């Protein structure tokens, strides 16, 4: 049945909530009021806003208010899902463009091989552990899964091994550690981890297929990976010089600057469309294009200043909320399933913490308490984790129960990160460096994820 954009009004006997635009407006308002209310309630606990946004989505979803049939049919009917998911997905794409845009790898160069070693130490153990979790998952949560063993291992390995850079930035900023050497090391290692996560996600998408029956030629995964590599090379070696020239020409004039910013955003959206055509998720294209943007003349910062408020204040909360709306905690039933939740949380924390702690102490000579705090910091999940999980569910690699298990894991690891870091890193900062020298997500005081 075709859905109309707007109604003729109540006086002519039409319910506005049966039409796309007024219903979407009500949904956005409900999501924002719920998530901002939870964020205000959790503020004394110093939790990042993503926690409130995920909890808000779960509260509005089938785990809580969604059980009430009248509420679900009125506010979140099935026919409206596509519109809400599209708007939230667009916000996610723009946010990943901003993340790529604002990643400054100068801190990685300053910290040097230490950041790469710490990132690798937090990636490899949980990635290897995923190979052992998959058979146990089949035993604890038997369900038809449209994915091979290898593709499921890659997806779950990516979910277990990622560190959410935006969440980590918020936690460090909240604790006053963003501009000190500890914070710079953590952010540099998380930046390396983020790039690896997107590479691993691209591999997972290439090999997953999205169904039991293979699609396209047998070498389709090879073609996808090769096309993705060509896209990255073209973006950095062909588009980057053109954008650098555009940045130099933009100048301080507002009209020219606005035109250049609009052109950059349009290119980011097109980059997402290109990677979708290749067979990789659109967010990968936007992220890579953001990474390739020139930093000269404050051009990248100017784009972030214009785009960030709308994305972080309105569109991104919808993405977290829709993740919660798709999460049915009731699907996790029985001792075996909840035992799987405990195992996944333990592996996610222990794998990241153990590897990071060992390398930080033995490889860099960091103090044990500081190394422990760094291990906790690298265990924080959030945005990247949810992206991996949502794409896995969209591609039918993850069933509803597995998706819920890993969302619970992401929420748990993010909630415990701040209090544990506060307990471990009590000494006041000593050797400070300007915050702008680190890898920091700009866009004001708000921590969007």
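Cβ coordinates come from backbone N, Cα and C, glycine included.
Copied over from TrEMBL:
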TRANSMEM  20-42  transmembrane segment
DOMAIN    37-422  domain 'Cation/H+ exchanger transmembrane'
TRANSMEM  54-70  transmembrane segment
TRANSMEM  82-103  transmembrane segment
TRANSMEM  115-137  transmembrane segment
TRANSMEM  149-172  transmembrane segment
TRANSMEM  184-207  transmembrane segment
TRANSMEM  219-239  transmembrane segment
TRANSMEM  303-323  transmembrane segment
TRANSMEM  335-359  transmembrane segment
TRANSMEM  403-425  transmembrane segment
REGION    427-449  region 'Disordered'
Quiz item: Taking residues 6+ outside the transmembrane segment (303-323), which of them lie with a CB under 8 Å of any CB in it?
Solution: 28, 31-32, 34-35, 49-50, 53-54, 56-57, 60, 84-85, 87-92, 94-95, 97-98, 101-102, 258, 261, 264-265, 293, 386, 389-390, 407, 442-444, 446, 448-449
Quiz item: Near the transmembrane segment (184-207), which residues from the same chain, at least 6 beyond its ends, have a CB less than 8 A from one of its CBs?
Solution: 99, 103, 105, 107-108, 110-111, 114-116, 118-119, 122-123, 127, 148, 150-151, 154-155, 157-158, 161-165, 168-169, 172, 177-178, 220-221, 224-225, 228, 279-281, 284, 287-288, 291, 356, 374, 377-378, 384, 387-388, 391-392, 395, 397, 433, 437-440
Quiz prompt | Contacting positions for the transmembrane segment (403-425) when only residues 6+ beyond its ends and CB under 8 Å are counted | solution = 45-48, 50-51, 54-55, 58, 141, 156, 159, 164, 167, 171, 174-175, 177, 182, 323-324, 326-329, 331-332, 337, 340-341, 344-345, 348-349, 369-370, 372-373, 376-377, 379-382, 385-386, 389, 392-393
Self-check item: Chain residues outside the transmembrane segment (82-103) and at least six past its termini with a C-beta under 8 angstroms from it
Solution: 20, 24, 27-28, 76, 165-166, 191, 194, 265, 268-269, 272, 282-283, 286-293, 300-301, 303-304, 307-308, 311-312, 314-316, 318-319, 321-322, 383, 387, 439-443, 448-449
